[in-house]
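Annotated features, as they stand in TrEMBL:
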type	residues	note
DOMAIN	535-627	domain 'DYW'
REPEAT	87-121	repeat 'PPR'
REPEAT	188-222	repeat 'PPR'
REPEAT	320-354	repeat 'PPR'
Amino acid sequence: MSSLQVLQLQATPSSCAAHVSSKRHHFEALEACSSMALLKQHHSRLIKLGLSTDNDSMGRLIKFCAISENGDFDYALHLFDTLPHPDAFIYNTIIRGYLQRQQPAHCILFYLQMLQHSVVPNKFTFPCLIRACCLGNAVEEGAQIHAHIFKFGFATDVFCLNNLIHMFVNFQALENARRIFDKMPSRDVVSWTTLMSGYAQLGLVDEAFEIFELMPKKNSVSWNAIIAAYVQSNRFHEAFALFNRMRDEKVPLDKYVAASMLSACTGLGALEQGKWIHGYIQNSGIELDTKLATTIIDMYCKCGCLDKAYETFKGLSCKGISSWNCMIGGFAVHGKGKAAIELLKEMEKEAVAPDNITFLNILSACAHSGLVEEGRHYFRYMTEVYGIEHRMEHYGCMVDLLGRAGLLDEAKRLIDRMPMSPDVGVLGALFGACRIHRNIELGEQVGKRVIELEPENSGRYVLLANLYADAGRWDDVANVRRMMNERGVKKVPGFSVIELKGVVSEFIAGGTSHPETKDIYAKVDEMLGCIRSVGYVPQTEGGVNDLIEEEGENPSYYHSEKLAIALGLLKTRPGETFRIKKNLRVCRDCHQASKLISKVFNREIIVRDRNRFHHFKDGECSCKDYW
């Protein structure tokens, strides 16, 4: 029989069908492959079948090796090298494998190799290359990939163009992103959302909102993007307005929108809204992952509802380290130092290793509670037991702890022994302690240094002016005021926020914008009259009325906190607790007045200021006047 006859016999329909059937069988077996050992067996069979150079067959092997969790990328490269003419699918698979391994430069080099071998890329080639450019911040290469997308005929492919918009957003080149968007023949919701998110990420929230309003179709992703933009810009009222509009339009609330709105509740101290969102999560079956659970705990902690935060924490079946840290931090800002330490011990019993944030919160808890010995212990403990090096923040907490306790010399020695130069946070902690304990000499020295490190922070100037006022050095007070004017530094205006029955009201000192202003001021006068009868005497911050940090030029008896308390008394039932959030530190006068109001009116008033929580009850404060 001649060789031609043999070939003809081998090519009969029955033999071809058997070959195709065997090939299909191996493809099906490959789909169920779960290990490299099995894959190598399939590779051997393909060699026996004469398919070792077949792109369709070998491409499936390479895909498992390059992409699968159980694959072996080096083996994928070995298989690639055995192929005489790999196709675009195989090149794309290797590029994707490099991308999964965070090797963006190799992605681009492999693409160049693809072009050198005259393999024409397809629409699946470019999204991975674009992500590689983003990962490697390869701006020049990204521009070349942009050109290739048009060169190879994908100028109308929405998927490729969406990825290009994402790349230019990543490069903060919004003009390029907008140009691509404007020239797209058709856009989907991803196109709109990607561009909108780009504006939001650069803080251009109003421009992002304009794009959002123009969107022909909005989904939960686009709603979350715009709500998150307002939350991240601390524009919480507008975030709430959008959230309410979203609910009116019957858009389902997913875990991402829930997390953003919980952050908005945290920012405003809007506990009732936060409780509603938590209840919705529980009743709608939204997955309560570690991140969302931590956001809920953080919301309760920062809205002054520590019991509910702890109840949520205890109810978690699986607690990640972020949940532990959040709860410990919650105890810290509420002045529950011993509870924070007990939770650390429980964490260790559960075999959850603390990290640097855990100890930062523990040291903060000690600082807020005046636990000096415990603070010293855990400052050593974190390095001696866990090998966690002290960071700048840990030194700042220790300086704050020692300074508040009046141990200014020890705090200064600790700063001098730091292995790095102290930043403004560390020096600021010592500066604040000098004001508390009226150490004029050291305070002046540190204060001037802090101002030069942070010349735009009005609070630093105010603190120095108050320090001088305590010493009666009025010429120096005037010099600080002059320095602020020359540098154009403006005081941060103080405000207080209170949420009652889901309505959030914001006050500034002496403000008259609230619709019930007349009743509120009448209630303030009534409050002050009542507490004067039990010993209240108005206090000022060193007599520097136009430079006091807490509120501004208004008389202390019309500070924003007192206005918020008055509304709370007007709108809540006798004996009911209400909560207030301030953007600045509680001043001495408001602190004393709040204690007496809690006693005279038999209320618990919870105030969250810039640094911590104050629980006023029965004429006392949870901070024990240690703030």
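Note that Cβ sites are derived from N, Cα and C of the backbone, with glycine treated the same way.
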Quiz item: Counting only residues 6+ away from its ends, which parts of the chain sit with a Cβ under 8 Å from the repeat 'PPR' (87-121)?
Solution: 55, 58-59, 62-63, 65-67, 73, 76-77, 80, 128-129, 131-133, 135-136, 138, 141, 148, 152
Quiz item: For the repeat 'PPR' (87-121), what does DSSP give as the number of helix, strand and coil residues?
Solution: 26 helix, 0 strand, 9 coil
Quiz prompt | Three-state composition of the repeat 'PPR' (320-354), taking helix and strand from DSSP | solution = 26 helix, 0 strand, 9 coil
Exercise. With a Cβ cut-off under 8 Å, give me the same-chain residues at least six positions beyond the ends of the repeat 'PPR' (320-354) that come close to it.
Key: 290-291, 293-294, 297-298, 300-302, 304, 306, 309-310, 313, 361-362, 364-366, 368-371, 374, 378, 382, 386, 388, 608, 611-613, 615, 622-624, 626
Quiz prompt | Helix-strand-coil residue split for the repeat 'PPR' (188-222), DSSP-based | solution = 26 helix, 0 strand, 9 coil
